[in-house]
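Encoded as structure tokens, the structure appears first; notes follow it.
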Amino acid sequence: MRALRLGTRGSALALAQSQRVADAVQAATGREVELVTVLTAGDQSSVPVHRLGVGVFVSALRDALAAQEIDFAVHSYKDLPTAGHPGLHIAAVPQREDPRDALVARDGRTLAELPPGATVGTGALRRIAQLHALGLQLAVTPIRGNVDSRLGRVLGPEADLDAVVLARAGLARLGRTDVITETLDPMLMLPAPAQGALAVECRIDDPDLVELLAVLDHAPTRAAVIAERAMLATLEAGCSAPVAGFAELAEGDDGEEIYLRGAVISPDGARDLRLSRTGTPADAAEIGKALAADLLDLGADSILGPHNDAGARTQQFGSTE
Ligand SMILES: NCc1[nH]cc(CCC(=O)O)c1CC(=O)O
């Protein structure tokens with residue numbers, strides 16, 4: 001049987017997570033998997049990424065899938081638009097990495113040890129908003145770029161910041177958790193919906209592959225991600241809006257329970273809406289929608305209003321990873 005072609009972007013992070021999925025498929029099914037690097041508009045163009053938008057990375061892989069140049073693709077789930085894609089199917093959501101955000105600071109410092117005026121770099125509006133909401137007088141500085149260049153702003157010879165905040169999962173996949181000085185408690189920094197999770201996508205009209213890839217699916221992760229993203233979709237907010245969502249599954253008195261927390265925070269941190277809901281994993285989507293409705297009742301719309309036009313958002317806060 002011929003090797004399965006796994007399409008991936010060429011960044012270090014994309015290659016690392018695609019290789020892990022390739023190894024898992026090979027181990028579980030015995031099928032050979034080869035990585036096919038797909039050049040995306042974001043990788044090819046010299047136009048700054050923030051002018052192209054995050055979607056350019058996902059759409060090149062999806063185009064390659066539709067054109068049958070690859071058999072399946074691996075995406076960072078949090079970068080996927082909430083609207084589904086016709087003809088494609090998320091065949092597996094593997095067990096997620098630690099979804100929390102991480103601080104990488106000079107001199108081994110934690111957030112609480114950073115002095116007023118300390119410079120903290122991050123590109124995500126959700127992180128900028130939550131850093132401001134802490135009230136620590138941090139000088140939050142917008143930054144972009146891949147994981148290495150972001151770390152270089154703190155650790156490199158040309159370091160110009162006191163700290164950066166980034167997803168722990170990205171560092172874990174690159175084998176760089178050694179640089180983390182604090183893994184941020186979700187009480188301080190609620191992660192992005194689906195952070196740390198991957199989406200393994202193939203064509204719906206490839207039922208053998210749909211079935212084969214299902215061995216990688218991790219039901220608790222899928223339920224958590226469904227709840228988090230149902231909330232995001234109902235808020236009509238994208239991956240770079242100041243929206244956080246984090247679902248945890250635990251054994252309750254009446255069987256398995258899902259506990260979803262959500263937050264909508266104004267970029268200056270002045271308005272900080274946080275709520276939670278619990279329910280059964282089978283109702284994950286309903287819980288997410290209900291939590292979004294609760295947040296909208298509290299006025300989330302007036303916070304999101306200026307930021308929920310996708311074009312304007314990605315122009316400011318595009319990402320290269
Ligand atoms: N927005 C960029 C992005 N998309 C996926 C990850 C890696 C972590 C993950 O898979 O959630 C990152 C880096 C980051 O947020 O620091």
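Start at 1 and count along the chain as shown; that gives each residue its number.
Positions of Cβ are set from backbone N, Cα and C atoms, glycine also.
Copied over from TrEMBL, here are the features:
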DOMAIN    4-209  domain 'Porphobilinogen deaminase N-terminal'
DOMAIN    224-296  domain 'Porphobilinogen deaminase C-terminal'
MOD_RES   Cys239  S-(dipyrrolylmethanemethyl)cysteine
Mean per-residue pLDDT computed across the domain 'Porphobilinogen deaminase N-terminal' (4-209): 93
Structural state census, the domain 'Porphobilinogen deaminase C-terminal' (224-296) (DSSP three-state): 27 helix, 29 strand, 17 coil
